[in-house]
Structure formats: structure tokens, C-alpha cells
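Record features, source TrEMBL:
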type: TRANSMEM; residues: 12-35; note: transmembrane segment
type: TRANSMEM; residues: 47-65; note: transmembrane segment
type: TRANSMEM; residues: 77-95; note: transmembrane segment
type: TRANSMEM; residues: 107-127; note: transmembrane segment
type: TRANSMEM; residues: 147-165; note: transmembrane segment
type: TRANSMEM; residues: 202-219; note: transmembrane segment
type: TRANSMEM; residues: 248-271; note: transmembrane segment
type: TRANSMEM; residues: 283-303; note: transmembrane segment
type: TRANSMEM; residues: 310-329; note: transmembrane segment
type: TRANSMEM; residues: 335-358; note: transmembrane segment
type: TRANSMEM; residues: 370-389; note: transmembrane segment
type: TRANSMEM; residues: 401-420; note: transmembrane segment
type: REGION; residues: 430-455; note: region 'Disordered'
Amino acid sequence: MVGRLGFHLRWRLSVLWALEWGISGTLLTYLPIYWKQTIQLSTSQTASLFAVAAVGLWVAPFLVGQVADRWLASEKYLAVSHFIGGLTLVGFPHAAETYKQTGDNFVTLLVMSGIYSVAYIPTWALASSLTFRHLTDPDAQFGKVRVWGTVGWMSTGLFLSLWLMQDEFGSWLSQFPKIDAPRSAIAAACDWLPAPQPSDCFSIAAMLSFALSSFCIFLPHTPPERTKRDGIAPLEMLKMFRSRDFRLFMGISFLMALLIPMYNLVVPVFLTTGDIEDGWVPAVMLIGQISEFPALLLLGLFLKRLGMKITFSVGIGAWFLRYGLFSISGGAYSLILVGLALHGICHVFMIIVAQLYIDSQCRHDLRASAQNFLAFVTLGIGMPLGLLLAGKLDDGFDGNYPLLFAIAAASCLILLVVFWKRFEGPKTIAVAPPPSSDPETQNPEPESPETAASP
């Protein structure tokens, strides 16, 4: 019988995810607009800054995987990484303003993006491996913890919009005297705060980074899981490629990673072509995060009733439908909002299911390496290539969003068909067995496509 997730563990993991994704919610929904509208970068330059983030994912499987799986407790690595990330975020506004005034230090922005990516991005996968380590039933329990990442993303994105657009928001509230009175009192008490600036997204993210670095002392201790056959953890994990299903799964995940960056890079600017002001874009995109709540809560049910293959296929299909709706919207906000609202299915049923599948296919002592390798393939290689491709297409099509999104939709449909016809993998996602102290009883990888569910 599966043990219940205790409150003492649950609240600590929930805060971890709320802060982890609160940082991303502050940056990812607004940075494309900040770089393009405030600093006057081209879409290709903006794509380059995001693509440099791949540096962190190139490092992750080899450095982070080895450190977290063999040498250092995961919570300590998270604390150091987020502290370094916070320091880097503090310096970003100064470097960006210097480039805007002189136009000759773009390399500095690239270097800072690389440093931040090395510090922050590997923590996505490490937070997943730490969480999986302490869950007795990932299928049923992970969604209940991960949902707080959505809460963090939404809260920080909404706060950023209200902060940047506080004058407009205050004018709207003035129509309601009962509400406006306390708002005015709060505004008067906070009069010492500086006026909002577009670069405040970095300041807010930095504060969240420092907060998470400090909070790591409360996380459950997660030391490396050593076995008698300790070796180079990333190299041990590569043996999983002996499974045909695993190779196909990683290939489909990589190709989808080429298409997903179009959402983060192009859609925020796409929204501003209508009547949505720049500062309100993070709030509008919260529609997507809201849909994560039911998706996360339903994830366990889908996996148990329909299986991993159908659930993952639904995730790919949601990306096809989303890009298709953007393509045919013609500026109709109803279709655009539906496309945004599909984010829960797109993210949870594809990306999180991928993490669960990878976790189920490897030994416990290789979890950090396996999660970081998935991140390396999808976010470290696929994402930067996808960003560069999306940037070139956006500049080349010069605002022809229907054609741009139609190409992405057609590509998703092709991948969906290939995955459905070729993947045979496990019906359910089982908990991976703990490492055995006896090397003779330990199976480091699936023996064949038919036994891929039993690492």
C-alpha cells in the first residue's frame, strides 16, 4: 500500500517548487518584451540570449549529475546555485542599460546569460530528482506537489504585471471607493519605493533566488545514493539507450523541444500586436498557468487509466492544436485565449510525463543524471536550436504569424503520428527500484524493448 505524503514533507517540497518556478514566471513571460521593446534588440538577438542558456544544460548532465548523484547532497547544491543565480540577476539591468546606450557590449549580455544558465537551469531537473527521491508513489503524488510551481509562476507573473502597470491598475480601482481607499493607504505607506521599471523583472527574480537559496536548509536531506558499483553516473545512465523505446522517446522529446520555444519567444510579442499593452502580457499569459491546476490534479488519473503512451500523445496533440489555433485566429482573442489555456495539457501531459517516464527507467542512484540528461537533450540542445530557428523565421516572415504557427502545428502533427505508431513502452509508470548493494542483483538498464519498464 502506498504511503501517504505527510504534511511536513509536502509543505517543504511545495515551497521549493513555488520559488523554483516563481523565478521563471518573473522572467520568461516578460523578457522577450523587455529585450525587444526596452533594450531594442532584434528577435534574433533575443533568441541568442535565450539560446545561450543551453550552456547550463550542457554542463548539467556531466557536472551536476555527477555531483548530485555521487558527491554532494542535492539541497546543498540547490542553495549554492540559487545564490550565484541571484547575484547574476542583480547585474543584468546594468549590463543591459550599458548596451542600450553604447550598443557595443552584447557579448557581455551573452556571457551573463551563460553564467546564469549554469547556475539556475540545472536546478529544474535537480528539483525533480530531489522530489522523486522522497515520493513513494510519483504517479499520484508528484502532481500535488508540482502544482505549487504553477502557483509560484502565476503569483510572480501577476505581481510583475500589477507592479509595472500600477498607475493604470490604480485608475481602474478608483472606480470602486471601498476598494480604492485601502489601496491608497497601501500606496502611501509604500511611497518610499522607487517607480516601477521594466528591469524590475530581474530584481524580483533575484529576491526569489536568494529566498530559495536560504530556504534550502529546510529541504529534506537528499545525500548521494552510493552503491558498490559506483562509477561515473552520467556514463552509467547512457546505458539506457540500449532500449529502442527509450531512444525513440528521447528523439521525439528532442524534436518537440525544437518547436516549443516558439511559444516563449514569439507569443508574448504576438499578443502585443493586438490591444494588449506590454506590461499586461505576463498577466494575460497566466491563463496558461491556470490550466495547469486541473492538468496536474488529473495527471495521476490519466496515467493509471489511460497509460503513459496515451497521456504523452495527448500532450503532443495539445501543442498541435495550440499552434493551429494561433495560426487561424486572425486576431480573434477567443481562439488565442483557448490556445493559451491549453498550456496545462501541453506542459503537464508532455513535459512532466517525460520526467516521470525517465525517472521510472533508471536506478535510484542515477536519477539526477537521468533528469539532467533529459534536460540536456531537450533544453540544452533542442531549445537553443529551436530559439534560433524561431528567431530567424520570425524575422524572415516579418509578422506573418499565421504561416509561422501553421508550420509549427504541422510539425507537431507529424511527431504525434510517429510516436503513436512506433512507441510500445510501458502502460504505466512504475517507481524505479532502489539501488542494490549487490552488483549482481542490479540491472542498470532495460534489457530489451519488451522489458523497458523494469530497469
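From the backbone N, Cα and C atoms, a Cβ is placed for every residue, glycine too.
Automatic prediction, not curation, is the source of TrEMBL annotations.
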Seg_contact(the transmembrane segment (202-219), the transmembrane segment (335-358)) with at least 3 CB pairs under 8 angstroms, min sep 6: no
Tertiary contacts of the transmembrane segment (107-127) (same chain, 6+ residues out, Cβ under 8 Å): 16-17, 20, 23, 48-50, 52-57, 59-60, 64, 68, 74, 77-78, 81-82, 84-85, 88-89, 91-92, 95-96, 98-99, 209, 355, 368, 371-372, 374-375, 379
Cβ contacts under 8 Å made by the transmembrane segment (310-329) with residues that lie 6+ beyond its boundaries: 252, 256, 259-260, 262-263, 267, 270, 299, 302-303, 335-336, 338-339, 342-343, 345-351, 353-354, 357, 401-406, 408-409, 412-413, 415-416, 419-420
Leading contact stretch, 77-95, 147-165, 248-271 vs the transmembrane segment (12-35) - CB distance under 8 Å: 147-165
